[in-house]
Amino acid sequence: MFGFRLFILAAVALAYIQCAAARMTVAHRLGARSLPTPENDPFYTPDDGWESAAPGTILKKREITVANSGVFQYGVRGFQLLYRTSGVNRGDASHTVTTVIIPENYDKDKLVSANMYEDSYSSNCAPSYSMRKGSKVFNDLANSYQMLFITTLLHEGWAVTVPDHEGPNNAFTSGRVEGHAILDGIRATLNYKKLGLNSDAKVIGYGYSGGALATGWAASLHSQYAHELNVAGWSMGGTVSNVTEWLGYIDNTTGAGFALASLGGLSSSYSELAWVQDNLTSKGRRLLDQSAQNCMYQNLWAVGKQKILDDSVFAGGSTFLQNDGALNILNKLTLGRFSKFVPIAPVFMFHATHDEVVPFNMAITTADAWCAQGAQIKFLSNTGSEMEHTNTELFNLPNVIFFMRDRFKGKDFGGQCQYPSSNDPWFNPQILGTSAAIYLQQVLDLIGNRIGGHDSILWDKVHSKQQP
């Protein structure tokens, strides 16, 4: 079984590389020009007076060509919306961009918010940049991989909105900022009349790892901040639900780059943590400046196994997690800590018990807290020794799709608090078969295959006597 999995993954990777080589050669011969990065693109700057607009208001819009890795043009329509959102607090005016992807024959009653794990302190890694044709080739490998899953959502006939949930300050791990950005991105997408989406369309949000952190906060803030949205469910895996615990866990490991990006994001979002950047050493300034130019994998490679919470990086670094002022902020970023911030739509969580990047106990503690507070939670534990952070996302993609289909169809969720376990999702023949079909389709999409529900959406509506 494990050898067969490796064979499938190797075949997909080989096809991806071959497609990439062909597309990159063509792009080079045509002299393709790179797009301006967000900090040099005036689209990302709102016009004067934007602060008075309501959250979710569209400030600018444009049509774009959607591509993976800057060169693989997808057979879809793409739009970008600059919209008003909120910062840490409801009254803090902010703005960000969402990329809306429309497949062929899409269902106007359904919308998915795909909340990518950007996990960086660089605006160059914003999905809205990396998802455009002409962006720097293979600018963000994490983004390139996640776009493969997005095409799977599009083939279901669902419109997808992809928010830059870190916002203009690259607020990685600033959960409330990211949650607001996701909810307002959904609002903006539904407000864009050109798409024709119904104002009460069912919405599902999904995120993994750092994207799960953002999704968890969107789920938590939904009832208080954007209760009018018709959210059918939330799905998240490898969830960073306790930033305080996570920073201590990943520091001085191969994931130390996450700690550095988190410090940058938190200190740029919270005035109470601005002292971190004010007290950087020369080494710390060099590391953070470098991080501001690097996407996730580049940052991990550059900073791996270094101690970031250390006085050699910033004064007070070694006692940062004991600092009362820092803890006052960090503890507010723990999912499940506050009873007023509880998901009101069903939540599907999944996590590997041997996750080496995000501790399992952190996520299940949040699930337990939400259940105790009345939320509907299904928490799937993957117990196989081979299940780790990266492959847990990959192997659970069919489970995420099944959850979304059921939620959109209005099926019974099956109970308030559910705690199933699975050794390895691929031991399930249905999961294995679905996975193989998904990976094959993703390769076809890279070479320009039309993406969407094709005629299936129309026929479903005709058979159910709905207006096509």
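Here the Cβ of each residue, glycine as well, is placed from N, Cα and C on the backbone.
Database features, via Swiss-Prot:
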type     : residues  : note
ACT_SITE : S209      : active site, nucleophile
ACT_SITE : D355      : active site
ACT_SITE : H389      : active site
DISULFID : C125-C295 : disulfide bond
CARBOHYD : N242      : N-linked glycosylation site
CARBOHYD : N252      : N-linked glycosylation site
CARBOHYD : N279      : N-linked glycosylation site
SIGNAL   : 1-22      : signal peptide
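Within 10 Å of H389 (active site), as judged by C-alpha distances, the recorded positions found are S209, D355; the full candidate list was C125, S209, N252, N279, C295, D355.
Across the fold, the C-alpha of N252 (N-linked glycosylation site) and the C-alpha of D355 (active site) stand 17 Å from each other. C295 (disulfide bond) and S209 (active site, nucleophile) are 15 Å apart (CA-CA, integer value). Counting every protein chain shown, 25 other Cβ atoms lie within 10 Å of the Cβ of N242 (N-linked glycosylation site). Cβ packing within 10 Å was compared across the recorded positions C125, S209, N252, C295, and the lowest neighbour count falls to N252. Between the CA atoms of D355 (active site) and N279 (N-linked glycosylation site) there is a gap of 33 Å, rounded to the nearest whole number.
A coil conformation is recorded for N279 (N-linked glycosylation site) in the three-state DSSP classification, outside any helix or strand.
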